[in-house]
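Below is one structure, written out as structure tokens; the observations come after it.
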Amino acid sequence: MAFSNPFSRDVEGTRRNITAYRVLTLLSFLLQFITTLYYTRNAPTDDHTGHHTIFQYHSTPFTVSYIFVSIYWVVLWIMQMVYVWHLFRSDAEAVDSAAAVGSHFILYNVLHFAWVMLWTRGHTILSEMILVINFLQLTAVYFRHHTAPRLVHNAVSAMPLTFTFFMLLWNGAVMIHCYSLVCRVLANVAVWGLAAFAGFFLLAFRDYYVGFATAFLAAGLGVGQFFTKIIALQWPFAFAVMAIVFCASIFTAIPGSFGSNERSGERAPLLHESA
């Protein structure tokens, strides 16, 4: 049987290929999960120089505390495990909701795996290119499926998209490898891009999930920078971004923050509560 376009909105085609989605989703998740877990503690053993674990690179103005990144990954992995489980449920609606973004989830896993393999081997230009591709495809799934059930939304688009944005800055800083005063000043300006990133999703979609995820990673950036260079502006700016985004997310999450809504659930970023 011919496969339909995996990135289309062909619901019937998705249902016909549900077995393939289940197998590829599970395998791709295990691929990125095991690879990421392994390289957080181990460097590649290829016969080349310049190899690192994921967190062993020299500190840059966008190095996030590994503790915060680890916590973020654990939460994300748990949510993604539950998401994968939904593909195997007997509830047809839950399966359809999960399968609708299955192709993007599979692509995310493959690209994340590729990023880890390149990043830990010092190929920062190629790894940055992988991040750009992943960011674009995650943005696409976000715009197309931002009304998906909460679990699907967070596991497949909101949390991966937020982390990939942070990694673009982190990977990019390592790639440029510039530590001059001019580069530090540019980094001090660029850190406010985190607030702009979260602000866009808070204003356009009222998505406080992206807001809280950004605030958490911004706090991790602040901690990482504090222990990297105390006499600097990067960590105070990171904590300022965290505070602003966190407060804005709380404000967005409170019912009626934007006035009375004529349509039920207009405030929430997601229209469906169940997965």
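A Cβ is built for glycine as well, from the same backbone N, Cα and C atoms used for every other residue.
What TrEMBL says about this one:
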TRANSMEM  20-40  transmembrane segment
TRANSMEM  61-85  transmembrane segment
TRANSMEM  97-118  transmembrane segment
TRANSMEM  125-143  transmembrane segment
TRANSMEM  155-174  transmembrane segment
TRANSMEM  181-202  transmembrane segment
TRANSMEM  208-228  transmembrane segment
TRANSMEM  235-254  transmembrane segment
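Panel annotation: around the transmembrane segment (125-143), residues 101, 104, 107-108, 111-112, 114-115, 118-119, 156-158, 160-161, 164-165, 167-168, 171-172, 175 of the same chain, lying at least six beyond its termini, place a Cβ under 8 Å from a Cβ of the stretch. Tallying C-beta pairs under 8 angstroms between the transmembrane segment (208-228) and each of 20-40, 61-85, 97-118, 181-202, 235-254 places 235-254 first. Using a Cβ-Cβ cut-off under 8 Å and counting only residues 6 or more beyond its ends in the same chain, the transmembrane segment (155-174) has close neighbours at 57-58, 60-64, 72, 75-76, 79-80, 82-83, 101, 104-105, 108, 112, 115, 119, 124, 127-128, 131-132, 134-135, 138-139, 141-142, 145-146, 148, 187, 190, 193-194, 197, 207, 209-210, 213-214, 217, 221.
Among 61-85, 97-118, 181-202, 235-254, 97-118 has the largest number of CB pairs under 8 A with the transmembrane segment (20-40). With a threshold of 8 Å between CB atoms, the same-chain residues lying at least 6 positions outside the transmembrane segment (61-85) that come near it are 25-26, 29, 33, 36, 40, 55, 98, 105, 151-152, 154-156, 159-160, 163, 166, 169-170, 172-173, 183-184, 187-188, 190-191, 213, 216-217, 219-221, 223-225, 227-228, 234, 275.
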